[in-house]
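Please find one structure pasted underneath; my questions will follow.
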Amino acid sequence: DAGNRIAAPACVHFTADWRYTFVTNDCSIDYSVTVAYGDGTDVPCRSANPGDILTFPGYGTRGNEVLGAVLCATDGSA
């Protein structure tokens, strides 16, 4: 699950609100990322090229929390 993955590097930023979580790749290389949620919600990994802004679900209205952006395996095992 996403909670056991490695945190994305500092150049990958996220902002979260109740509806959306935006993940921005300000790094110079591509990363495969997802978002970790406090309740363990699992969302698919997505590829982020340099400069990309990805949209993931927000924390909702039921007390969930976005813990951060995390890296995914690049070999398809994520």
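The backbone N, Cα and C atoms fix where each Cβ goes, glycine too.
Sharing the feature lines straight out of Swiss-Prot:
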| type | residues | note |
| --- | --- | --- |
| DISULFID | CYS11-CYS27 | disulfide bond |
| DISULFID | CYS45-CYS72 | disulfide bond |
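Locate each feature and note its surroundings.
Other Cβ atoms within 10 Å of the Cβ of CYS11 (disulfide bond), summed over all protein chains shown, number 13.
Mapped onto three states, the DSSP output places CYS72 (disulfide bond) in coil. Take the CB of CYS72 (disulfide bond) and look out to 10 A: across all protein chains shown you find 20 other CB atoms.
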Does DSSP put CYS45 (disulfide bond) in a helix, in a strand, or in coil?
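The three-state answer is coil.
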Would you kindly give the Cα-Cα distance separating CYS11 (disulfide bond) and CYS45 (disulfide bond), rounded to the nearest Å?
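Answer for this pair: 18 Å between alpha carbons.
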Rounded to an integer, what is the Cα-Cα distance in Å between CYS27 (disulfide bond) and CYS72 (disulfide bond)?
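If we compare the Cα positions of CYS27 (disulfide bond) and CYS72 (disulfide bond), the gap is 16 Å.
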What does the structure give for the C-alpha distance between CYS11 (disulfide bond) and CYS72 (disulfide bond)? Integer Å is fine.
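On Cα coordinates alone, these residues lie 16 Å apart.
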